[in-house]
Amino acid sequence: MAVSSALCIISLLALVQAQSESQQPKVQLRLAGDKRKHHEGRLEVFYNNEWGTVCDDDFSIEAAHVACRELGFLGAVAWSPSAKFGQGEGRIWLDNVHCTGREKSLAECPSNGFGVSDCRHSEDVGVICNQKRIPGHRFINTMNNNVETLEERVEEIRIRPISSHLKRIPVTEGYVEIKERGKWRQICDEEWTPLNSRVICGMYGFPGEKNYNNKVYKSLSMRKKKNYWGFSVNCTGNEAHLSSCRLGKPLEPKWNGTCGRGLPVVVSCVPGRAFAPSSSTGFRKAYRPEQPLVRLRGGSNIGEGRVEVLKNGVWGTVCDDNWNLRAATVVCRELGFGSAKEALTGAKLGQGMGPVHMNEVECSGFEKSLTDCYFNNDALGCSHEEDAAVRCNIPAMGFQKRIRLSGGRNPYEGRVEVLTEKNGSLVWGTVCSENWGMIEAMVVCRQLGLGFASHTFQETWYWAGDASADNVVMSGVRCSGTEMSLLQCLHHGKHINCPKGGARFAAGVSCSDTAPDLVLNAQLVEQTTYLEDRPMYALQCALEENCLSSTAKKNDHSSYRRLLRFSSQIHNVGQSDFRPKLGYHAWTWHECHRHYHSIEVFTHYDLMSLNGTKVAEGHKASFCLEDTQCDEGIQKRYVCANFGEQGITVGCWDTYRHDIDCQWIDITDVKPGDYIFQVVINPNYDVAESDYTNNVLKCKCRYDGYRIWTYQCHTGGSRSSDMDEYPGMSNQLHFR
């Protein structure tokens, strides 16, 4: 009876807790104020559709910890009273906040209640957060970066093409219409300016606007009844959305439905090169950057990523001090996209490498390139934890409508089904899984807007897809990784060749919002390279694991092998942990070294001639992936001892010292000369990453027969000459 009562009490407490959590008000926090770093500022709360501040009365370091963690930082360093970061505006939402430090949100902390305060803005509290971010933290922004909004409620805006443009993808020209109270209305062009058109085009993913044939639209408008919106609009040209523009004067509609001497507004937009309109839906070209001075890295979708700029032949990042929508929009338009949806700070799309080239960027919004904006050359104090990023508006290409995932446990996984034309009608079918790999899966997840691929599947019998879509409609798929649509990848076309067939053997994917990103420490490789002559009797384990060249099998125990040895330090600078593709059950035990291999081949080590011919090679099986060391404030999660979990945590690195087996290239048979020393991590793309370009490290080296000099080591993608240089990611058909 006592046990039953205890269970009832526990159930009642759980119910009360669940109800209190469901009733907890949803808030969003931000740091504001001038002359501040990204991890500090005036603490502001978004509640009841309004931004407000927090009073410093009874505020504590525990409350600051809660706020900083909610913002994605590891914790707080300090807090400041008396509006140190300037006085805010609007409501003071919270006063007398008492936190224990264990709360998940500032809204959970006891206070006077939202909006109950006797404070002034001279008492606005500020916080200084730890610059280290929570590994894998997902910042969900429910707010626009806009400040001004239309007083009128605008439900939707569209560009409505005329009949001759209906089949063009994307829609680049047509009437601008606003949906108000469920009805579409035109805008009178009497007060319309090119700056307004610039905003509309930017919203729809286009970098600029152009003139159009006014006679055609004038003739059409004379024949059709018009329904005008009652306002004009005044835009500066820098707004991310028409709703951010100021309202102009109200328009008085005429009795005959006209607007004075005006006509309905028409815009004609200039698409970026990758989005040139076509009368067909089958795009053949993959995305390629238009501007060599600026690029985006680490984003899961086209038009988003960490901003990198080229200076003196070396790629570097942009510090997020003063980073805003205006500068972000310059980047987006420069790369052939529209205006920026978000200006992201704090390396939210991953950390870059190399130098920080730009700091405190200030743009007018009309520059042709980010490099034309004012910026501070001195980036002292800026680390890669402050790398700026953007999300751009891109044109609606309709790609998502031509692909789907079927049968999965959630919307992020399933059998891949594509919509293709067959005998004059559109039908759904499966994709042949032969040679289906991570690069192809990445394209699928990007096309669906579901982030990165996390797993690929060549058998999908456990997912009950649509039986009518069992037939294979696409085979021989080989992607470079830059495509926006699976149809842009190489494939067999109309002549399907899939011996196993579809249905249970159809291709499948699992997608994820985040992905890891491995980068080698180039400086450490350069500093630790040396030669060692080692006798064969000490290399029997290495011989069994194929870590020596093929000629070693012919040598006796008294002979020597010459080994090029070095240390590898592999950092995970992505947004999620790097985990082996296979689980415990599939790991291979190697008796000689007394360890498990969780990935068959984790790295390739090659020595090549200057023309790219391989003269010596090695490989490093991933017998142990673990957190050797981590950045300050980040806890190790993976350790190999006692058959432990293997992986590399975000913000940690795994070190393979130069003095362990197989951490070498066998160069016994190599003649003296000049060579290229290359290391490739995750060469078979067994594990998904947000950026494969930085998985390659190259060094120049000179060997005189006795000594070796290694110099100019750099990772792939860090210099202008190797921007897109990494194995496998080309449009050439190859096997992996």
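Even glycines carry a Cβ here, placed using N, Cα and C.
The signal peptide annotation in TrEMBL covers 1-18.
Look at TrEMBL and you will find 29-130 (among others) tagged as domain 'SRCR'.
Around Cys119 (disulfide bond), the same-chain residues at least 6 positions away in sequence with a Cβ under 8 Å from its Cβ are Cys55, Asp56, Asp57, Ile92, Asp95. What TrEMBL lists as disulfide bond is Cys55-Cys119 (among others).
Marked as disulfide bond by TrEMBL: Cys68-Cys129 (among others). In the shown protein chains, 27 other C-beta atoms lie within 10 A of the C-beta of Cys129 (disulfide bond).
Cβ contacts within 10 Å of Cys99 (disulfide bond), excluding its own Cβ and spanning all protein chains shown: 22. Positions annotated as disulfide bond by TrEMBL: Cys99-Cys109 (among others).
Among the features that TrEMBL reports, domain 'SRCR' is placed at 159-270 (among others). Per DSSP, the domain 'SRCR' (159-270) is made up of 29 helix, 36 strand, 47 coil.
Residues or ranges marked as disulfide bond in TrEMBL: Cys235-Cys245 (among others). Annotation for Cys235 (disulfide bond): same-chain Cβ neighbours under 8 Å, separated by at least 6 residues, are Thr193, Leu195, Asn196, Arg198, Val199, Leu242, Cys245, Arg246.
Taken from TrEMBL, the feature domain 'SRCR' covers 294-393 (among others). Taken together, the residues in the domain 'SRCR' (294-393) have a mean pLDDT of 90 on the 0 to 100 scale.
Sequence annotations record features per position, and here TrEMBL assigns disulfide bond to Cys363-Cys373 (among others). The Cβ of Cys363 (disulfide bond) lies under 8 Å from the Cβ of Arg326, Ala327, Val330, Leu370, Cys373, Tyr374, each on the same chain and at least six residues away in sequence.
For the domain 'SRCR' (403-512), DSSP puts the residue distribution at 20 helix, 40 strand, 50 coil. What TrEMBL lists as domain 'SRCR' is 403-512 (among others).
According to TrEMBL, the disulfide bond annotation covers Cys479-Cys489 (among others). In the structure as shown, the Cβ atom of Cys479 (disulfide bond) sits within 10 Å of 23 other Cβ atoms.
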Nearest by CA distance to Cys489 (disulfide bond): which of the disulfide-bonded residues is it, out of Cys68, Cys99, Cys109?
Cys68
Between Cys129 (disulfide bond) and Cys99 (disulfide bond), how far is it from one CA atom to the other, in Å?
16
Going along the chain, which residues six or more apart from Cys68 (disulfide bond) have their CB under 8 A from its CB?
His39, Leu74, Gly75, Ala76, Val127, Cys129, Asn130
Quick one: Cα separation, Cys479 (disulfide bond) versus Cys109 (disulfide bond), in Å?
50
Under 8 Å by Cβ from Cys109 (disulfide bond), same chain, sequence gap 6 or more:
Ala63, Val66, Val97, His98, Cys99, Thr100, Glu103
Please spell out the DSSP helix, strand and coil residue counts for the domain 'SRCR' (294-393).
16 helix, 38 strand, 46 coil
Would you mind checking how many other C-beta atoms are within 10 angstroms of the C-beta on Cys55 (disulfide bond)?
23
Have a look around Cys245 (disulfide bond) and count the other CB atoms within 10 A of its CB, chains all included.
23
